[in-house]
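In what follows, a single structure is set out as structure tokens and then discussed.
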Amino acid sequence: MITKHLSDIDIAQQAKLRPIQDIAAKLQLHDEELECYGFTKAKISLTIFDRLKEQKEGHVILVTSINPTPAGEGKSTVTVGLGQAFEKIGKKAIIAMREPSLGPTMGIKGGAAGGGYSQVLPMEEINLHFTGDFHAITSAHNALSAFIDNHIHHGNELDIDARRIVWKRVLDLNDRALRQVVVGLGGQVNGYPREDGFDITVASEMMAILCLAEDLTDLKKRLSSIVVAYNRDGEPVTVGALGYEGVLTLLLKDALKPNLVQTIEGTPALVHGGPFANIAHGCNSLIATKMAAKLADYVVTEAGFGADLGAEKFLNIKTRAGDFKPGAVVIVATVRALKMHGGMKKTELKEENTQAVLKGIHNLEKHIETVQAFGLPYIVAVNRFITDTKEEIQAIEDWCLAHDHPVKAVNVWEEGGEGGTALAEELTTLIEKKKNSFSYLYEEDDSIEEKLSKVAKVVYGADGVTLTSKARKQLAAIEENSWGHLPVCMAKTQYSLSDDPALIGRPKGFTITIRELKPSVGAGFIVALTGSILTMPGLPKKPAALEMDLLEDGSVTGLF
């Protein structure tokens with residue numbers, strides 16, 4: 001199969017999609033459990049959990065990766081391809097993925113629905129507005145901002161300190177000009193002037209809450225617990241105190257339902273939720289994962305960026321919230337990323353260099369050690385690119401086998417599910433025969449500083465953590481408000497194991513600087529901001545949006 005001259009969108013547009021009712025039938029869904037959005041998309045009613053409450057749950061397989069290049073290493077492609085591969089070997093499988101954000105889609109990535117012959121479809125719709133979940137989250141989030149300012153304008157009964165409002169507005173785009181703004185200008189009629197700012201929607205606590213809530217009741221409880229500000233006595237002010245948890249639940253009731261779509265080969269996929277992994281917890285919704293586990297024998301899901309970010313949060317935050325144990329972990333490695341970690345310039349990554357691959361393989365080694373620290377069975381998946389040579393692929397496989405790490409090369413971009421069957425077969429054996437000793441990296445009763453230190457030392461390979469004076473002050477407030485039992489969510493660069501994106505490979509002798517600690521009480525974790533990580537990204541010099549267009553025949557171009 002020669003596909004190197006076809007783009008992802010070309011391949012997607014040539015695919016013949018099946019009616020979404022046919023995909024639902026593969027899962028034995030009832031008609032009343034399906035809410036169709038056109039011909040190829042649907043939401044699944046949460047009432048399905050009542051019907052399947054006695055159903056045994058399938059195995060959840062987490063796909064993670066090494067520290068990526070800016071273009072990504074095809075983790076979503078491997079996730080989709082592996083789900084298709086399970087069906088190829090006769091297993092009932094579902095893929096559970098995050099929804100793409102318009103910010104990176106318009107910015108650098110151009111889309112995030114997999115690639116080649118391992119995509120979720122309809123790719124154009126999934127990458128753009130999809131079923132409107134992100135718009136609902138954005139609306140609910142910004143409605144809360146409006147309610148806060150309105151409360152202050154009409155007498156401020158809760159005595160909110162306008163200097164200590166911690167609830168920013170959001171937008172699902174990269175817009176650096178909105179990072180810091182002033183609202184309420186123009187006189188008394190326009191409210192109380194104050195500093196504000198915008199985060200990207202996928203970094204918002206509202207997104208995290210939607211992705212960690214177990215049902216509508218839990219959603220409302222979490223929304224009620226959101227801390228939006230502090231009063232003049234320094235006490236937290238919550239959504240529950242303002243009284244708006246009901247309307248926020250109403251705004252999010254449909255967004256809470258998972259979205260059913262299909263892969264290019266007709267494998268069912270639940271694409272739902274989408275928090276960033278570098279500035280949020282980076283996993284698809286808990287509801288979608290739990291639903292998938294009730295509907296299939298194997299659930300293939302992913303967590304954003306490398307094992308130092310998405311996987312760590314999946315294993316420390318998501319599994320804890322959902323009380324489930326993953327069956328195995330797939331660690332995606334690529335020749336080009338290992339060459340980058342081996343010191344090659346990004347402009348040279350297409351050139352053959354086996355020595356650079358072996359020099360950079362220590363980055364893979366650290367991510368393997370991280371997964372081992374959680375006690376889970378794992379396998380390395382070498383994701384093939386057209387520019388890879390046999391010698392480079394062989395070098396990775398030889399190193400893995402020499403160090404007793406299971407490894408399989410995959411070519412799911414070009415071959416679809418067929419290119420991942422060896423990986424799927426190996427995973428079924430791993431899950432059945434390999435001991436699963438899953439445990440969390442830290443306990444709830446560890447102090448926040450102990451949790452931060454364990455993540456830094458065990459996952460990043462750091463010597464420890466250093467808290468700025470601002471973070472120390474925030475830590476004292478967290479402990480005073482009895483939030484110290486919550487897990488930590490590290491906001492860190494995805495390009496390095498450290499908090500410095502320039503430190504590639506496997507750096508040593510470094511510490512992680514915690515510059516700020518933000519309690520996300522509704523989501524159920526403490527966000528620890530490190531380095532220079534931003535919660536509202538900016539666009540590159542030439543955004544991917546420049547290449548996007550709608551042609552006269554209605555076809556879309558420029559998504560990839």
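The backbone N, Cα and C atoms fix where each Cβ goes, glycine too.
Residues annotated as ATP binding site in Swiss-Prot: Thr69, Pro70, Ala71, Gly72, Glu73, Gly74, Lys75, Ser76.
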Number of Cβ atoms other than its own within 10 Å, given for Thr69 (ATP binding site): 17
Largest tally of Cβ atoms lying within 10 Å of a Cβ, found at which of the binding-site residues Pro70, Gly72, Gly74: Gly74
ATP site, defined by Thr69, Pro70, Ala71, Gly72, Glu73, Gly74, Lys75, Ser76: further same-chain residues with Cβ within 8 Å of the Cβ centre: Ser65, Pro68, Thr334, Ala337
Where Thr69 (ATP binding site) falls in three-state DSSP terms: coil
Proximal but sequence-remote residues of the same chain as Lys75 (ATP binding site) (Cβ under 8 Å, at least 6 apart): Val63, Thr64, Ser65, Pro68, Glu302, Val332
Structural state of Gly74 (ATP binding site), classified by DSSP into three states: coil
